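Student: What Swiss-Prot records for this protein is below:
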{"type": "COMPBIAS", "residues": "117-171", "note": "compositional bias 'Basic residues'"}
{"type": "COMPBIAS", "residues": "179-189", "note": "compositional bias 'Basic residues'"}
{"type": "DOMAIN", "residues": "14-92", "note": "domain 'RRM'"}
{"type": "MOD_RES", "residues": "Ser2", "note": "phosphoserine"}
{"type": "MOD_RES", "residues": "Ser2", "note": "N-acetylserine"}
{"type": "MOD_RES", "residues": "Thr22", "note": "phosphothreonine"}
{"type": "MOD_RES", "residues": "Thr25", "note": "phosphothreonine"}
{"type": "MOD_RES", "residues": "Ser26", "note": "phosphoserine"}
{"type": "MOD_RES", "residues": "Ser189", "note": "phosphoserine"}
{"type": "MOD_RES", "residues": "Ser191", "note": "phosphoserine"}
{"type": "MOD_RES", "residues": "Ser204", "note": "phosphoserine"}
{"type": "MOD_RES", "residues": "Ser206", "note": "phosphoserine"}
{"type": "MOD_RES", "residues": "Ser208", "note": "phosphoserine"}
{"type": "MOD_RES", "residues": "Ser212", "note": "phosphoserine"}
{"type": "MOD_RES", "residues": "Ser220", "note": "phosphoserine"}
{"type": "REGION", "residues": "92-221", "note": "region 'Disordered'"}
Amino acid sequence: MSYGRPPPDVEGMTSLKVDNLTYRTSPDTLRRVFEKYGRVGDVYIPRDRYTKESRGFAFVRFHDKRDAEDAMDAMDGAVLDGRELRVQMARYGRPPDSHHSRRGPPPRRYGGGGYGRRSRSPRRRRRSRSRSRSRSRSRSRSRYSRSKSRSRTRSRSRSTSKSRSARRSKSKSSSVSRSRSRSRSRSRSRSPPPVSKREPKSRSRSKSPPESPEEEGAVSS
């Protein structure tokens, strides 16, 4: 089909938006593939005004809505020219070619355009990616801080438990030593005093004094 002809009358047709096409996929190829499911009224691949290259998506028009639904169910996820296609119902009709003539390249909204899901512009994609990255970073930071706080609380609880156990052991040891000292003092107080052994006094033999001569005379008389 020629790219310079005016668009056909697509009123009453059901449009399918086909995404993820390669640059070498042609309208004739798409027509041959989709005509297996019904009568195709038109195939349109938007192209860049300056490079004339495909934008990576196309629109396939069916005269019958049932044929379009069958084609969507069969071709969504199918592989064409090494790419996995994404096929969905288009929301709006095809814009005229005069829309992107004399005014430079078409707006970026037209790329996803009024034919189905509006494709996000690269700026929006970058913003969304940066936002998602910042959110993921903030989430990871919050998780890291939470884990840090949890580890700190755990270490604090462990240290407090250790100090408490040390205090308890110290108090137990001190109480045991006190009880031992008390028992020793009580046993000492209760035990009788030791009996001191007295050494026997050596009996000193008293020597009688020598008799006087007077006493000897009296005895003899």
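Cβ atoms are placed via backbone N, Cα and C, with glycine included.
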Student: Please report the number of other Cβ atoms within 10 Å of the Cβ of Thr22 (phosphothreonine).
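Tutor: Excluding its own Cβ, Thr22 (phosphothreonine) sees 12 Cβ atoms within 10 Å.
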Student: What mean pLDDT does the predicted model reach across the domain 'RRM' (14-92)?
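Tutor: A mean pLDDT of 94 is what the model gives the domain 'RRM' (14-92).
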Student: For the domain 'RRM' (14-92), DSSP counts of helix, strand and coil?
Tutor: 19 helix, 27 strand, 33 coil
Student: Looking only at Cβ atoms, how many others are within 10 Å of the one on Thr25 (phosphothreonine)?
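Tutor: Excluding its own Cβ, the number within 10 Å is 21.
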Student: Within 10 Å of the Cβ of Ser26 (phosphoserine), how many other Cβ atoms can be counted across all chains shown?
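Tutor: I count 15 other Cβ atoms within 10 Å of it.
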